Amino acid sequence: MLLGVNIDHIATLREARKINEPDPLEAVFLAKRAGAFQITIHLREDRRHIHDYDVERIVESSFLPVNVECSTDKQIVDLLCELRPHRITLVPEKREEVTTEGGLDLLGRFEILKSRIAQFRENDIAVSLFVDPDITSIELSKELGADMVELHTGTFANLHLMLRSNLPKTPHAIPALEMDRRSLSLAYRESLLTLQKAAQKANTLGIEVAAGHGLNYQNVSEIVKIPEIIELNIGHSLIARSIFTGFEAAVREMVELLGRGD
């Protein structure tokens, strides 16, 4: 299974002081040396971490494929069509959110998504859609002409945290998931089954499958067992681990974990 390294939070650290370091571009070369498959960055409308010049420099300099996550915002879409990264992943976006909270509303935004996908295709850019892991979303992704879907693993990841970590004992416990362990265990197994079914459906329709959101060193072992998923995009847990082990070592460790699913 391939690893896409999301380096947004290197830029988050830079923006905390609003200076010029750490430089996300430096991480691109370290990720390659550690065995990563691609670089993933999110150019948000509010530019809270990655900026336009970051995208330009990374696309121009990276020896690895670059996957840029973005909304359907016209200014951003036009810019990315000029820069031409390897792939675009269209994601939903709310300015008030801490991180992406769910998959795209494919039905409600069908026409704008179709238009943006066509524009990227005209510029020879592959398109992935960040979707909730349900059959309807997969079928709509096929109808829209997506090359790939990235399955939102947030529910699975949150259940894993509440079931198998100390999160329930911290101020960041998830209120909606405060339930007994038996209920958590059942919901956890159901979330895995949902991901498996969505991946299988996409595979039968000829759509490549990636996954991401909330994945870490503790929970990826379950995801690598799903053979239809060929790529994971992981950021926060890698950057968090790198504080203690170094960035290159953190990436290499994750690459090794994903390799166990081959």
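Placement of Cβ uses the backbone N, Cα and C atoms for every residue, glycine included.
Annotated features, as they stand in Swiss-Prot:
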| type | residues | note |
| --- | --- | --- |
| BINDING | Asn6, Arg17, Gly214, Gly235, His236 | 3-amino-2-oxopropyl phosphate binding site |
| BINDING | Asp8, His9, Arg44, His49, Thr99 | 1-deoxy-D-xylulose 5-phosphate binding site |
| ACT_SITE | His42 | active site, proton acceptor |
| ACT_SITE | Glu69 | active site, proton acceptor |
| SITE | Glu150 | site 'Transition state stabilizer' |
| ACT_SITE | His213 | active site, proton donor |
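In this structure, of the recorded positions Asp8, Glu69, Glu150, the smallest number of CB atoms within 10 A of the CB marks Asp8. It is His236, among the binding-site residues His9, Arg44, His49, His236, whose Cβ has the fewest other Cβ atoms within 10 Å in the structure shown.
Taking the C-alpha positions, the distance from Gly214 (3-amino-2-oxopropyl phosphate binding site) to His9 (1-deoxy-D-xylulose 5-phosphate binding site) comes to 14 Å. Between the binding-site residues Gly214, Gly235, Gly235 has the most other Cβ atoms inside 10 Å of its own Cβ, all protein chains included. DSSP gives Glu69 (active site, proton acceptor) a strand state.
It is 26 Å from the Cα atom of Arg17 (3-amino-2-oxopropyl phosphate binding site) to that of the residue listed as 'active site, proton donor'.
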